[in-house]
Amino acid sequence: MGNGLWFVGVIILGVAWGQVHDWTEQTDPWFLDGLGMDRMYWRDTNTGRLWLPNTPDPQKPPRGFLAPPDELNLTTASLPLLRWYEERFCFVLVTTAEFPRDPGQLLYIPKTYLLGRPPNASLPAPTTVEPTAQPPPSVAPLKGLLHNPAASVLLRSRAWVTFSAVPDPEALTFPRGDNVATASHPSGPRDTPPPRPPVGARRHPTTELDITHLHNASTTWLATRGLLRSPGRYVYFSPSASTWPVGIWTTGELVLGCDAALVRARYGREFMGLVISMHDSPPVEVMVVPAGQTLDRVGDPADENPPGALPGPPGGPRYRVFVLGSLTRADNGSALDALRRVGGYPEEGTNYAQFLSRAYAEFFSGDAGAEQGPRPPLFWRLTGLLATSGFAFVNAAHANGAVCLSDLLGFLAHSRALAGLAARGAAGCAADSVFFNVSVLDPTARLQLEARLQHLVAEILEREQSLALHALGYQLAFVLDSPSAYDAVAPSAAHLIDALYAEFLGGRVLTTPVVHRALFYASAVLRQPFLAGVPSAVQRERARRSLLIASALCTSDVAAATNADLRTALARADHQKTLFWLPDHFSPCAASLRFDLDESVFILDALAQATRSETPVEVLAQQTHGLASTLTRWAHYNALIRAFVPEASHRCGGQSANVEPRILVPITHNASYVVTHSPLPRGIGYKLTGVDVRRPLFLTYLTATCEGSTRDIESKRLVRTQNQRDLGLVGAVFMRYTPAGEVMSVLLVDTDNTQQQIAAGPTEGAPSVFSSDVPSTALLLFPNGTVIHLLAFDTQPVAAIAPGFLAASALGVVMITAALAGILKVLRTSVPFFWRRE
């Protein structure tokens, strides 16, 4: 080296001597002297301040031997990303006293050059005293980057030249919530700890799981070691560049995304980094670290004062939460409130099930039905609870050293279900663009578990007959989320839905939790193939039939009962001892093609079934409307309609009719009836008579053709057929509507017994799903587009006469009779008198 040249600093020494279990920090001694020097350097005055180190040219030895390895592909574009680490090398950044005019050299030294060298005799002998072993920290901010002006310029330029992620830190500095952890309740006052394995309980390997273990899933324990990802070293980079990189021991990741949003949660030992971004809102980030840890904020490079910590609530007994976002106090208050609530979730419990239960309830919250389209505050709350449930699940599993089989399957199933609800119901995602992945299992163990679950699904479908186990088989296929699993259970799921529909037509009320759960997962596995691409003809036919039967199961009475059941369940759930699991309260209306459940007539029906309560009428009406709107949006997948009912979205002349369908009835493989409040320009149209002119109903038979015509509905008392064995009604749909414009039912005639029942007409005193005591009109829709009016099934209004009116009428008749009798008596007395005068 020349006399005028002296080297002064190393910001990061990326050396890994075997298994290193700690992060070390070194501060350049001249750091404080160089605080103001970073303002002097500009790499590109057109785009702003950007510092980049020089790298040797590999083609120019001898310095070229220290060039970055080719696999890193370090360029001026990739250098700012700080992806400098390579396992076979250690990197050294060398700067001079001329910094920042001289940006320094980034050199790479192969580790083989450093290992096995003889000791340097000029250096003092190493001490023989072994240092006291310290446990590796769970979270370690890499302050080496903070304490070097060169790195500070790089990170600050990225945070402040590109964008300012936290323009108003005071808006994100808020007090702790009411239900977060305290000194007396370090896990939160409402926390219900997850179950722990009993002393001596056996840990079952996943390769030995059988149906008996599924029967006893709540007492079957799996060892965490080998099943979940082992904690590994990882450098977490804040996407907003608002803080410095953080060294963590990662345990997995949760990712949810679609065409309109992306959520990514990185889990670690006592760490979570959650990023939520949407097309309709600025991105937000939540970082959870141990209580004694602090994350420094990246400050303005023009500010001589060092920046403080990231904003967020004060630290708790176990964790400290930091909140990042571009929200200001002038923004929408609901967005700030939602972000504050998300920041409190990690300190409100340790049980994943409580967070999933709260997320399901949040989906049906009052503002869930307030408006259509994306709702960032609701999406933030849903995904915040979803991510926190994963954080709690992983932490509890590692802390206990074991995980319950029912908890493992429950977490995987409910998190997937909630991800779909959040994406479609709150973010406005297209249904066929949603993707979801939870990477908390060891890759090898995951493959073994999936293979075993696939085998158990096949065994359940082959051997078992109970509805509960079949529902569990569909749930396992839903967890596996693979085409082979869906194809394996699809025939059984379709048969189950047909069987439940037959019981419904026979008068059985399908209200038990196991029936709801079976319908939920059976409907899910039949609808799922369209997400993987274009469904096959068999998949489309199964899905169309399941949608038709779900619509048939969703009568007006069922819709009102569903609303009442959800209200009761939500009011009863405390998310501690009583949890709210949506599949146990699933309604076929949510998987149907009925989009009219939020209309006023249905709201009144639901309110009529409400039990006595102290809840004000206005609040009850708002809750009822919110639940109905949520059910309608849940069912209304535009992508699902395009995939399975393409004739309903067929465009003619380059444009589709701007008419919102109220009900779709896929009656054949390529034709559907649609109910609307306005006429459609194509198809065979019928105007339904006897309906309030303010809410008219139009029925249209649609195919892929663009021709349009209108017909009149033919009236018949009963269907007359020539062949008593085959009445020709199988495949038709029985539809009933009221004068108020409410479609009460659309029932599929799918068996000979059902068609015989319709041909015979209603029976006095015999209850039937085809009868009603509400004034209404009955139609029969045929697969060929013909519609007839079944007069025998109509219900005519009966005049209601008050008892007082009847008594007054009877008294009037008696008085009139008495008056007539008196007149006759007078006449009889007077007639002889007239005769005498003559």
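Numbering starts at 1 and runs along the chain as displayed.
Placed from the backbone N, Cα and C atoms, the Cβ positions cover glycine too.
What Swiss-Prot says about this protein:
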type     : residues : note
SIGNAL   : 1-18     : signal peptide
TOPO_DOM : 19-803   : topological domain 'Virion surface'
CARBOHYD : N73      : N-linked glycosylation site
CARBOHYD : N120     : N-linked glycosylation site
REGION   : 174-204  : region 'Disordered'
CARBOHYD : N216     : N-linked glycosylation site
REGION   : 259-323  : region 'Interaction with gL'
CARBOHYD : N332     : N-linked glycosylation site
CARBOHYD : N437     : N-linked glycosylation site
CARBOHYD : N670     : N-linked glycosylation site
CARBOHYD : N784     : N-linked glycosylation site
TRANSMEM : 804-824  : transmembrane segment
TOPO_DOM : 825-838  : topological domain 'Intravirion'
Checklist entry - Sequence-remote contacts (6 or more beyond its ends) of the region 'Disordered' (174-204), Cβ cut-off under 8 Å? => result 213, 218, 220-223, 312-314, 316-319, 340-341, 343-344, 347-354, 392, 396, 400-402, 404-405, 407, 575-577
Checklist entry - Just the number: how many Å between the Cα atoms of N784 (N-linked glycosylation site) and N332 (N-linked glycosylation site)? => result 53
Checklist outcome for this item: In all the protein chains shown, the tally of other Cβ atoms within 10 Å of the Cβ of N437 (N-linked glycosylation site) is 12
Item to check | Other CB atoms, at most 10 A from the CB of N670 (N-linked glycosylation site) | outcome: 14
Checklist outcome for this item: For the topological domain 'Virion surface' (19-803), the averaged pLDDT of the predicted model is 84
Checklist outcome for this item: Quick note, N332 (N-linked glycosylation site) and N437 (N-linked glycosylation site): C-alpha atoms separated, nearest Å, by 31
Checklist entry - Which one is it: of the glycosylation sites N73, N437, N670, whose Cα lies the shortest distance from the Cα of N216 (N-linked glycosylation site)? => result N437
Item to check | N73 (N-linked glycosylation site), number of other Cβ atoms within 10 Å | outcome: 10
Checklist outcome for this item: The DSSP breakdown of the region 'Disordered' (174-204) into helix, strand and coil residues is 0 helix, 1 strand, 30 coil
Item to check | Separation of alpha carbons, N437 (N-linked glycosylation site) and N73 (N-linked glycosylation site) (Å) | outcome: 28
Next on the checklist: I'm trying to understand the geometry here, so how far is the Cα atom of N670 (N-linked glycosylation site) from the Cα atom of N437 (N-linked glycosylation site), in Å to the nearest whole number?
Outcome noted: 35
